[in-house]
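Before any comments, here is the structure.
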Amino acid sequence: MFAGYRSAFARRGAASFCIAGVLSRFFVGIYPLGLLLLLALPTGEYGKAALVSGCWTIGNALSSPAVGMIADRFGQRKTLLLSIFAHAALAATLLGSVALGSSLLIILPSAFLLGASVVNTGPMTRARWAAMWPDDTPERSAAYSVETVLDEVVFAVGPLATAILAVQVSPYLAVATALVITVAGATWLLFQRHTEPPRQPPVARGHRRLAARYPGMPFLLVLLTAVGATCGAAEVLLVARCDDLGTPGGSGLVLACFAVGSGVSAILYGSRTRSGPTSLRLALSASAFGLLPLLYFTANSLPALMIWSAVNGLSMAPTVINAFHLLDELVPVAIRTEGMNWVWSSLSLGFGAGTATVGKVADEMGARPTFFLPALCALSAAATAHLLNSRIKSKTKQEQLPAS
């Protein structure tokens, strides 16, 4: 059952770059909350703090495709090296600006540039796996599943550790911890040159096309933006719903159940040998993802929220895993890292939009009725997946006509 995992990690350097990759992207689970608490804890004002945290998220999401292009063209090693120095300098600048009580005119650009400077190595490690297993093999599927599990670990452990460090010790220590872990992991990863994908030759001027513009990619990115919006909106509403039920302390358990459900499904999904077109597999997993948020309307207790959160998590990992598999089919190898960064940007921007939008609606209507927003986003993701599958099937039939 788990032969794919054993084979994938039997390759030289696989385990090493996988561990380095998860360390170097741990900042994803630390910086957003860490920056929020850095400004909010001393003053109790969350408006400005949320603005700073949001600027960091936007900077990271917008820069991600460009980082992928640089990595494809010049190699991961040079990209990571540049990022390490820029990240360290900008983190020091931001921490110093906050400590000195600088105005938002200085802090906001610093947060944006800090987000833009740090590299999410999730696409980089997936690109290494794809280069190691170039075909749609059980090993590559298992590797993508492991990466998805590690992402869930980052999102589950990162905020928890951040909250403990910020509240019990110092919010400055929480942000500094993100800096140290990220630099250490990125440094470890850049020295592993034997697993780095080969640099791709430059594309002739006038023939360069963004990964997002390849056929099928716009639909895939819209789908993943809807997935991100579903998760962002649901996270806020689950916390608010726990508060409505008189169990505000249970919100961490509810969110952890989602991560556990997603992680378990990633492990099981990666251990199976699948058949059929990737676009169809994505449409089926997205269908489950689209319907399951409706269960939240029936949750009237903390245990019910925990159960439905875990059930919803079960559909998350297969959807993301299939999205990465389909990406491998839609874009050329020469721009694979860029394509993966477009995927992460879409998820991040969707998550941020969902988080920002749902709060005010929940204040007006209450948490339970507002679950229609993540449900609507999830159904939109499912509809987009089926539309994408239909277009790919139609294109495949057209390509087969001359041969017949």
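Even glycines carry a Cβ here, placed using N, Cα and C.
Per TrEMBL, domain 'Major facilitator superfamily (MFS) profile' is recorded for 1-194 (among others).
As annotated by TrEMBL, transmembrane segment applies to 12-40 (among others).
Sequence annotations record features per position, and here TrEMBL assigns transmembrane segment to 46-67 (among others).
Listed as Cβ neighbours of the transmembrane segment (79-98) (distance under 8 Å, sequence separation of 6 or more from its ends, same chain) are residues 24, 35, 38-39, 67, 70-71, 106-107, 110-111, 113-114, 117-119, 121, 124, 172, 175-176, 178-179, 182-183, 186-187, 189-190. The transmembrane segment feature in TrEMBL is assigned to 79-98 (among others).
Here TrEMBL flags 172-191 (among others) as transmembrane segment.
In the predicted structure, the domain 'Major facilitator superfamily (MFS) profile' (216-404) carries a mean pLDDT of 86. Residues or ranges marked as domain 'Major facilitator superfamily (MFS) profile' in TrEMBL: 216-404 (among others).
Positions annotated as transmembrane segment by TrEMBL: 218-240 (among others).
Sequence-remote contacts of a segment are chain residues at least 6 beyond its ends whose Cβ falls under 8 Å from one of its Cβ atoms, and for the transmembrane segment (252-270) they are 4-5, 141-146, 148-149, 152-153, 155-156, 160, 234-235, 238-239, 242, 302, 305-307, 309-318, 321. The feature transmembrane segment is assigned by TrEMBL to 252-270 (among others).
What TrEMBL lists as transmembrane segment is 282-299 (among others).
The feature transmembrane segment is assigned by TrEMBL to 305-327 (among others).
Positions annotated as transmembrane segment by TrEMBL: 339-359 (among others). Listed as Cβ neighbours of the transmembrane segment (339-359) (distance under 8 Å, sequence separation of 6 or more from its ends, same chain) are residues 54, 57-58, 60-62, 64-65, 67-68, 120, 122-123, 126-127, 211-212, 214, 217, 220-222, 224-237, 320, 323-324, 327, 330-331, 370, 373-374, 377.
Per TrEMBL, the feature transmembrane segment maps to 371-388 (among others).
Using a cut-off of 8 Å between Cβ atoms, the transmembrane segment (12-40) and the transmembrane segment (172-191) share at least three residue pairs, counting only pairs 6 or more apart in sequence.
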